[in-house]
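S.K.: Can you keep this structure in mind? I'll have questions shortly.
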């Protein structure tokens, strides 16, 4: 299989209260930056042949150096991200298309991952890549542990309670056949439409292509708030013991 990973790592971590424009991807877990763990998983996934990273301008050279020194040979491109996450993914898609136009083989599938999710496992990446080729799109998710309620029309009060059995919490990496993801992003760019994840774009522009669920456990967290850091250290320790 020939799949390319896009890692969106341009976030400044506003909810982490880091200040000074620091990036949550550069916080350390187990002695290594969050983004190091993220890249390592894709480096070790057999399905992934190339990795494109979009990050803040001031971190481009840092990540290139990190990849080189860590032996992350699949990292072929580190570029500046955009204003929004979707813009960063779009920058990587354009880079992939430019490389294909220059003679490099176009990947069969593209997986888009959050740089702040360091605990996805190589075998999970391979499974999502395979499902995305088989079904056109595949997205990891897990079942919510809490009851989910809608916000009501009256400020400060709940509305209806949703049936938890019909809900999933969506994660990344989200995998797609390359042409589906590329066309969805191109159409969204033409319309100036933004979504919170790539699956939402594919749902809109390819409604006849249902997205295959890949159900995961609860280890694949996104580091978003300060409370996530001790949890991340615990997950890292647990996963390290299993290796």
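The backbone N, Cα and C atoms fix where each Cβ goes, and this holds for glycine too.
As listed in Swiss-Prot for this protein:
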type	residues	note
SITE	15	site 'Transition state stabilizer'
SITE	24	site 'Transition state stabilizer'
SITE	164	site 'Positions MEP for the nucleophilic attack'
SITE	222	site 'Positions MEP for the nucleophilic attack'
S.K.: What whole-number Å value do you get for the CA-CA distance of residue 24 (site 'Transition state stabilizer') and residue 164 (site 'Positions MEP for the nucleophilic attack')?
M.R.: 31
S.K.: Can you tell me the CA-to-CA distance separating residue 164 (site 'Positions MEP for the nucleophilic attack') and residue 222 (site 'Positions MEP for the nucleophilic attack'), as a whole number of Å?
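M.R.: Per the Cα atoms, residue 164 (site 'Positions MEP for the nucleophilic attack') and residue 222 (site 'Positions MEP for the nucleophilic attack') stand 21 Å apart.
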S.K.: Tell me which residues of the chain lie with their Cβ under 8 angstroms from that of residue 222 (site 'Positions MEP for the nucleophilic attack'), as long as they are six or more apart in sequence?
M.R.: 114, 116, 117, 171, 228
S.K.: In DSSP terms, helix, strand or coil for residue 222 (site 'Positions MEP for the nucleophilic attack')?
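M.R.: Going by the DSSP assignment, residue 222 (site 'Positions MEP for the nucleophilic attack') belongs to neither helix nor strand, so it counts as coil.
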S.K.: Out of 24, 164, which of the recorded sites is least crowded by other Cβ atoms within 10 Å?
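M.R.: Selected from the recorded sites 24, 164 on minimum Cβ neighbours within 10 Å: 164.
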